[in-house]
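Data first, discussion second: the structure below is written as structure tokens.
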Amino acid sequence: MFKLFQQRPEAEALSQRITWGHWFSFFNIGIALFIASRYAFNADWPNTLLGKLYFFISLFGHFSFIVFAVYLLLLFPLSFIIRNQLAFRVTSVIIATIGMVILLIDTEIFKTLYLHLSPLVWKIFIRPKELTSLIHWQMIIPILAILMAEIISSYWIWHKLRRFARQRWGKFVALFFICCFTATHLFYAWADITFYRPITAQKSNYPLSYPMTAKTFFEKHGLANHSVLEQQIKEHGRPEAFYLDYPKKILNADKIEEKTNVIIVNISNLSNKAISLEKMPNLVDIRLNSLNFTQHYIAGDSAMASIVNLFYGLTGQYVDSILNEQKSSPLIDILKQNQYKFGLFSAKGFKAPIYHRSLFNQLKLHTPHSNKQMIIQWKKWIENYHTAPFFNYLDLKVAKEQILDKQIAQIWSTLTEQKLLQNTVVIITSDLGKNIETKNSFDKLRTQVPMIMYWKGQTEFYEQLSSHLDILPTLLNNLFGVTNSTKDYSQGIDLINENNHKWLLSANSKWRVAIMPDGKQYQIQPSKGRFKYFDMTGKQQNNVDIPLNLFLQLTLDSNYFMEK
């Protein structure tokens, strides 16, 4: 009888702890939502009503789920383990405070770096010298406020527990959060399969957010065609790509008195090693009479990224966003404003989506089937339009070096015969080095390419680092009188001015890369906090830490033109 009497108070005490835990979790959902509302001011704000609605639905659904998950995984088991009521409440307050402080720190990190907490990011946060924008002492006040709120709510809920136990509206609030959580994943699955970007672009807004996708499910049940979906992504870019804030300001330019012609010759898979007297004597001769950049890289790991580098001054990270928004190139816009004639020729047919969707949208494209036909068509075009200022883009197919050399010689002799070299800048480069399969897609053999710039007979060998990102600001500043800071429209520099590259920026949709002067590479995957290091021979080395100041600068520079 005494044992039964003893068990009843224990069961009642357990029931009280569980009930208190429910309401304490509910209160913490409110705190979490209040702190997480900061993401609304720092995230890529949707531009449609449905996108805005999804933002708030996902806000309520995601953070209510996170808080309730913490309750189920930690507080609920602890209510059985810790029998002392006060000790249980104190432990719960400590856990809740730590969780809310971590969320607060994440919102601050997101505001500055557009990233969520990871081991790499945490290392930066705890070193004030590396991240001066996060002034740690200013966070003491909100942290103390969170602690006080947790203590007060803990005390108040415990003393009002009987009243709370009689409330019925809690069930309806819980149902609301469940509906929001379910709707978050259903909405995202719909947006994923229909490529509705105002929703899919919000994928990375919140920490620990992994919304449900639908492509695999639809493909498995025959409701969608895999190849069609892949082609749509290739044409339009990944639907979860961020929105652009590019250019930062409208470009202003002085009036041009003497208009200079511009020709860009792109030769796929051309390496510096191939340009030799034995294989390409004509190109060697051109190089000797031009500006030659010997440490030149593309700022991506694909041919399409390389084109974005050249014409937009942006890394490969921005390819999907440019495709999504059909963003025009500042160079093409300036050329149009100055009434240049466009002669655009590709022996590869301009098949890459960047050409017809964004870069040369609404411009006439010449698509011969071979380099030989392309040069013939280009010669006819030059005969008709050489008296007016013009821009030419010549995209040559891969061929043997000796054949390419003769074709380049034909282009050069035509320019000489028409007496155009005196008033024409000719850029000869490649969109990709050797097209080899390697674990490191940013391998030097793939990303280091020739950069030969004929500029009114100026000759110089540049041994400093340079990249495709630098070509746009160099042309706009020196040929078209653009007065804006290069930071308004490019991630590169003007190569005619002093070269202050300490390292080169490169990226794709996942990885951010710093290429050092000695060939070393630091690669980070911010979304997962992963890091790779490759030595000067191109071999991956483990047990190497990234310099945290480099990580910070690499992240800030990479995300500079994201809309926030």
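Cβ coordinates come from backbone N, Cα and C, glycine included.
As given in TrEMBL:
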DOMAIN    11-251  domain 'Inner membrane protein YejM N-terminal'
DOMAIN    404-477  domain 'Sulfatase N-terminal'
TRANSMEM  20-41  transmembrane segment
TRANSMEM  53-74  transmembrane segment
TRANSMEM  86-105  transmembrane segment
TRANSMEM  135-157  transmembrane segment
TRANSMEM  169-191  transmembrane segment
Near the transmembrane segment (86-105), which same-chain residues lie under 8 Å Cβ to Cβ, leaving out any that are not at least 6 residues past its ends?
17, 20-21, 24, 28, 31-32, 35-36, 67, 70, 74-75, 78-79, 117, 125, 139, 142-143, 146-147, 150-151, 154, 158, 207
Can you break down the domain 'Sulfatase N-terminal' (404-477) into helix, strand and coil residue counts using DSSP?
31 helix, 20 strand, 23 coil
Can you tell me which parts of the same chain pack against the transmembrane segment (169-191), counting only residues 6+ beyond its ends and a CB-CB cutoff under 8 A?
22-23, 26, 29, 54, 57-58, 60-62, 64-65, 68, 197-200, 203, 211-214, 217, 239
Restricting to the domain 'Sulfatase N-terminal' (404-477), report the mean pLDDT as a whole number.
93
